[in-house]
Amino acid sequence: MQINSIKIPLIELQNIKVVFGAKTALQNINLSIYPNTVITIVGPNGGGKSTLLKVLLKLLSPTDGKVIHHRDLRIGYVPQKIHLEQSLPITVEKFLSLKKGISKAEIQDAIELLSIKHLIHSSMQKLSGGEMQRVLLARALLNKPNLLVLDEPMQGVDLSGQIELYQLIHQTREKLNCAILMVSHDLHIVMADTNEVVCINRHICCAGSPEKVSNDPTFIHLFGDQFSQNVAFYTHHHNHQHNMHGDVCCIGNKHSVQCINNGR
C-alpha cells in the first residue's frame, strides 16, 4: 500500500517522555509528520533535539509514550557528521557503494541529482563542509525515502553554500515527493516551503509557521529579540547560481534570500 493521503502520518509521536537517571530530557512531546510536508525543529543546545531525533528514528526507546511508524515508511537520514578514519582514505564512489542492495545505476542517479559527479574519485576526508553534505544527502537518497531526515545539515557550511544546499533539498523533495524533517540550531535561514517550525526545549515550547515562531515570546526568550528579527527565507527563484564555495557558477535556475523584518 502506498502512502498517498496527507491524513495518514508517516511518523507519529504520542506523549513522549525520556528520562536519563534523574534528568528529564523530553516530556509531553506530541508530533505528527505527514507526507510531502516540511518540518524544521529548532531549540537551544541541550534542549533535547538530538534525543527527539533518536526517538523518532527508533534508535532510542522512550521512557513513556508511543512512536508509530507507518508500515511503508522509508527514511533517508543525513547525520550531523560522520567520523572518518584519516589513515584509511575512502573515495566518494566507494563510500556510496558501501550501502547494501544498491545498484550502480541507482548510485549514478543520486550522483547526478546532487551534482557530485566531479567528486566521485575525491577522498571523503578532503571534502569541504558543503561537499560532504551533498555526498551524505546522495547516500540518504539511495533508500528512495518518503521521509528525509536532516540533522543540522547546514553546520560548517557558509551562507552561499547553505542556499545551494536548500536548492538541492528543494529539488530532491520535488523529485522524490518526500517529506522533510530538518533539525537545526537556529532559524537564520529556513526553507520557504517549511510548513511548520517546532521549537523544542525539553518540551514543545511553540510551533507554527516560521514567521509565527520567530515572533513568539517563548522563542524570543530562548534566542533573543535580535535573533528573532533576523529570520531569512531561502527561495528557489533566482537569477544566478553559486557553487558550494559561494562563487557564482552559472545562470539559470537560481537562488535568493528574502529577509524578514530587517530589510536585507
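Positions of Cβ are set from backbone N, Cα and C atoms, glycine also.
These come from Swiss-Prot:
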- 11-226: domain 'ABC transporter' (DOMAIN)
- Gly43, Pro44, Asn45, Gly46, Gly47, Gly48, Lys49, Ser50: ATP binding site (BINDING)
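Structure coloured by features recorded in Swiss-Prot.
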residue	record	CB count, 10 Å
Gly43	ATP binding site	24
Pro44	ATP binding site	16
Asn45	ATP binding site	7
Gly46	ATP binding site	11
Gly47	ATP binding site	21
Gly48	ATP binding site	23
Lys49	ATP binding site	23
Ser50	ATP binding site	17
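In sequence order, His185, Ile200, Asn201 are the same-chain residues whose CB sits within 8 A of the CB centroid of Gly43, Pro44, Asn45, Gly46, Gly47, Gly48, Lys49, Ser50, the residues recorded for ATP being left out.
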